Amino acid sequence: MPPTETLRPGERGTAGGPGAGAPEQTYIVRQSNKYYEHRDSQATAMSVDYSGQWVLLAGRGHLALQRLGQDDGSLRRHERQSKYEVSVAEFAICPSRKEYCAIATSQHIDIVRWGTAEPHYEMSLRGHTRTVTDIDWHGKDPNLLVSCSIDTFSHIWDLREPRKPALSLNAVCMSGATQVGFNRVSGNLLAAAHDGDLRIWDIRKGSCPTHYITAHLNRVHGINWSHKRETCLATASQDGTVKYFDVCNPRRAEKIITTMSPVWRARYTPIGNGLVSIVVPHLGRGENSLLLWSNSKQTDPICSFVGHTDVILDFAWRPNRESSNEIELVTWSRDRTLRVWKIDDNMLKLCEPSAEEIESRFEPDLSELRVPTPPEFLHPRSILVAASLPISTGDGACNTLPMARSPSFGGGYYRREEPHIARSLTDQPTCSLHHEFSLLNTNMPHVEVDTLDAIKRYACFKICAGGHTVILQVTFTTSYPSPSAPPDFQLCQGTTLSSEVSGVLLKVLRCNALQRVKKSRTCLEQCLRALVAAMKKKVAAVGGADRSQLLLQSPRLEGALSSTLHDACIPYPRTSGVHFNAIGMLTTFAQPVNNKRLTLRQHTALTPRTFSSINGSGLLGNVMATAQREANASFYLQERMISGKPGKQRAIRQMNGSPVVHVYDTSSLLHISRRMAREFSLDKCNIAETCRKNGEICRQHGRLDLVPVWLLAELIATPQIPHETLNDLLFYKDPFKKSLLESLIMHYAISGDIQTAVLLACLFDKCPTGGGAIMEKTVRLPPQLNSQISPYHTVLPLDVKSSSSSNTWQQLKQLRSNSWSDSLDLEIKQIQSDAYACSLIRRTKMPLFDQFKRAYAEILFGWQLLSKRALILKHTQNTPPPVQGVEFVTECRKCAKPKRTPKCEPCKRPVLFCVLCRLPVKGAANACLACGHGGHIDHMMQWFEKHNVCATCGCKCLERTSELLALLS
């Protein structure tokens, strides 16, 4: 792995040139060269154009241009009306579009072309659904622009086709994108920040990111690609660090700058070997630091730019097209001041590494080049290193390579980059021992970490593999990981290996450590992995482990436990569960007690998708068993008849290692009882007697708490006033009885005793139908039906006296003619309203009580009490009213039957087709009531916006439909 160097900014050092013997860097405090104050400007974004003459200040109320060459400080202000602040503004960086700039406001991006007089709005890019957080222009193609948003998308726009993004990069994550940037060397790579993570995309293949980098612990505020190296970038974060990354080695940062406050921006200098960062103090209390760092050494900043009194919002580099030896830094702050800082040649020299540092750093590589081994001599990296090394002369002087012009910054001044940047950063000195310990993988298989002491510079580990244990102590020298200082390894007391095997393992450790430290790389984790592999191989060769213990490392087990870390998005199979059903049966299953759950640290296979595959592969099976069962686990108990001896009954034999499904009867813990449900009565001939009988049933089954309830129900059903015997309708109009009954039903329904609640609701639901006096007095037919002659010739006479009250309704319906009778219909409605009147349950409560009855009917179905269930369902008469309205009746083309649904269920074919697009209609539809033609509602609206006749038959659908609807209303 590449080394990591974590450095903190120190105190101000002493001045010294590059050739001074002191290692401290010069800490310069620099004031701004130019200063512009705009107190009335509310700009929140800033950008410098391609020529370096104009600075754009963009805000919610205006766009302003400041010419840097003028000393009067006047602004070219252009008003704009927007209720949102400008989140970011960027000028194009290609000369062919140098007058274009992109301004992001809320969810859209405006492309503005600056003319001689006023800005011209060329286009608006709309594709994001949340606020746009960052934009960046392509460095090679002037037509490409990338934007990112909180909606997690990064859109690449082509200005030649601005209606939609040319490419959308979707990061499947919960956090939005905060920063985005194109690669400055090739332009093919793109980096997007999502909180503390980075996604590296290749725009030639936008289906998925090419690299995932866990960069910071907090949000990333800035991304900047290197101007010289294609794969290197720097990030600034809320956690107070600036990190250098190489996307070829995304696992760890190359170098780290640590500050005491959040870092808002960090960008490479266009020339030289520096980086500028903005440090924002916590809660605005502290110094608003604008610091220049060297990429080769991060102990101290090179320069501090002072002058701003508030938070620096943004900064940009001002290219000098006439003189490329100098660059200028332009900053805009919340104190409403625009400052210009000059980066002179002395600052750029301080960013370069000293000659002593270069020579001391690469002396080991020179020694390797004198006696090269064939593989390393032919390695391309070795050739690159040899080409970038300083040239040694006989007198000890060191001649460096001549300076060159930078092709990436207008052919300007280009300082010789330090050799360790010209080659891969993986070969530079590594981080401290403390940082190496913090990056150590503590979940390595077979390895337990006992002690990690960075102060005393030693570590202790316990390795268990192949049935043996090794206690390893590693001691690090102060110069580790220099090529001449590998760590020292020692096997301590507690090691169970023989002296011969221990010597072989120590030799393996020293060889691996020497190979790593020769390249100034860390070696601890690689040595531990090599030790585990050598222990397995050596112990298996000498036969020093018991076979039963080696079963733990069998290929079958390793195959089952492998590569599960790659299946992080796949849910692990359920190994236990519990579920209730409606009648109180509890079903449970779990893994067997004798099964051993193993750790998931060593994974080389996929995560099992089902519980049976777990047991089949041996992941949860008894791996210490001598015999392995090849069959998959089954959730079912196998019932087999034991033959051979008479009188033997059926036995259940459980398979070895298979889970058992347990079914428990928990009905005794609930408020319902199957035995009581079988005996309960719903006889309505005498409701009081029925209540007395149900109360006695509760007493017999030990439910003494329900006896007072049925006693109250008996009192409700008993008439209390003599007048009620003359007219039983008075019995059902007692408000006290209605309130008491509804309170009892709701109390037991809420408490979970749905059985008692439903029985009470059914008993007092409606009038008795089996010869009760109330029904006989309620159903009184009109006088014309009592006579033997019907007023209509098509209605047969009805003998009401000979008919019972139970089938009166059916006779009335059967004897109706097709002609309409006012008197008969009115009387039937009156009879139905009287039937509702003879009930102690209000009509508004009936839908709720019907739901209780249907739920209790499902419980009776589970108990197989079908007759009781049918009796309960007879009392659910409050069905929802049919939906009334205009329906589209279409005819199926196959069966030629009229259908009121969009699909013919028997034929499995759609029946409603749009007359415009000829496609089946599955969503909102509309049709003419006169001609019947219609289709998708969107297509119909688009058609009738320009036409007033039907597209099929020429019918004036709008007028005819309005007339028919007026008649219906």
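Every residue gets a Cβ built from N, Cα and C, even glycine.
Remember, it's a predicted structure, so these values are computed and weren't measured experimentally.
Look at CYS892 (Zn(2+) 1 binding site): DSSP puts it in coil. Annotation comment: Swiss-Prot describes CYS892, CYS895, CYS904, CYS907 as Zn(2+) 1 binding site, evidence class similarity to another entry.
Swiss-Prot lists CYS917, HIS936, HIS939 with the feature Zn(2+) 2 binding site, giving similarity to another entry as the kind of evidence. Applying an 8 A CB threshold to same-chain residues 6+ apart, the list for CYS917 (Zn(2+) 2 binding site) reads GLY935, HIS936, HIS939.
Here the Cβ of CYS928 (Zn(2+) 3 binding site) has 20 other Cβ atoms within 10 Å, regardless of which shown protein chain they belong to. A coil conformation is recorded for CYS928 (Zn(2+) 3 binding site) in the three-state DSSP classification, outside any helix or strand. Among the features that Swiss-Prot reports, Zn(2+) 3 binding site is placed at CYS928, CYS955, CYS957.
Around the Cβ of CYS953 (Zn(2+) 4 binding site), 13 further Cβ atoms fall within 10 Å across all displayed protein chains. For HIS933, CYS950, CYS953, the entry in Swiss-Prot reads Zn(2+) 4 binding site, with the evidence type similarity to another entry.
Taken from Swiss-Prot, the feature domain 'RWD' applies to 435-538. Here the domain 'RWD' (435-538) has a mean pLDDT of 87 out of 100.
Per Swiss-Prot, phosphothreonine is recorded for THR373.
Residues or ranges marked as region 'Disordered' in Swiss-Prot: 1-24.
Across the repeat 'WD 1' (127-167), DSSP classifies residues as 0 helix, 20 strand, 21 coil. Here Swiss-Prot flags 127-167 as repeat 'WD 1'.
For the repeat 'WD 2' (172-211), the number of residues in each DSSP class (helix H, G, I; strand E, B; coil) is 0 helix, 20 strand, 20 coil. Taken from Swiss-Prot, the feature repeat 'WD 2' covers 172-211.
Secondary structure of the repeat 'WD 3' (215-255), assigned with DSSP and counted as helix (H, G, I), strand (E, B) and coil, comes to 0 helix, 19 strand, 22 coil. Positions annotated as repeat 'WD 3' by Swiss-Prot: 215-255.
Among the features that Swiss-Prot reports, repeat 'WD 5' is placed at 307-351.
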Env. residues of Zn(2+) 2 site, Cβ within 8 Å of mean position of CYS917, HIS936, HIS939 Cβ: CYS914, LEU916, LEU919, VAL921, GLY935, ASP938, MET940
Which of CYS950, CYS955, CYS957, all binding-site residues, has a Cβ with the fewest other Cβ atoms inside 10 Å: CYS955
Cα-to-Cα gap, CYS895 (Zn(2+) 1 binding site) vs CYS953 (Zn(2+) 4 binding site), nearest whole Å: 25
Residues from the same chain, set at least six apart from the ends of the repeat 'WD 2' (172-211), whose C-beta lies under 8 A from its own: 130, 133-141, 144, 146-154, 156, 217-231, 233, 235, 237, 239, 245, 247, 250, 408
Cα distance (Å, whole number) from CYS892 (Zn(2+) 1 binding site) to CYS953 (Zn(2+) 4 binding site): 20
CYS895 (Zn(2+) 1 binding site), number of other Cβ atoms within 10 Å: 12
CYS892, CYS904, CYS907, HIS933, CYS950 screened against CYS957 (Zn(2+) 3 binding site), Cα within 10 Å - retained binding-site residues: HIS933, CYS950
Secondary structure tally of the repeat 'WD 5' (307-351) (DSSP, helix then strand then coil): 7 helix, 21 strand, 17 coil
Long-range neighbours of the repeat 'WD 1' (127-167), counting only residues six or more past its ends (CB under 8 A): 87-88, 90-94, 96-97, 102, 104-109, 111, 173-184, 186-187, 190, 192, 194, 201, 203, 206
List of residues, in chain order, with Cβ under 8 A from that of CYS892 (Zn(2+) 1 binding site) and at least 6 apart: LYS899, CYS904, CYS907, ARG909, VAL911
Residue with minimal Cβ packing [other Cβ atoms within 10 Å] among the binding-site residues HIS933, HIS936: HIS933
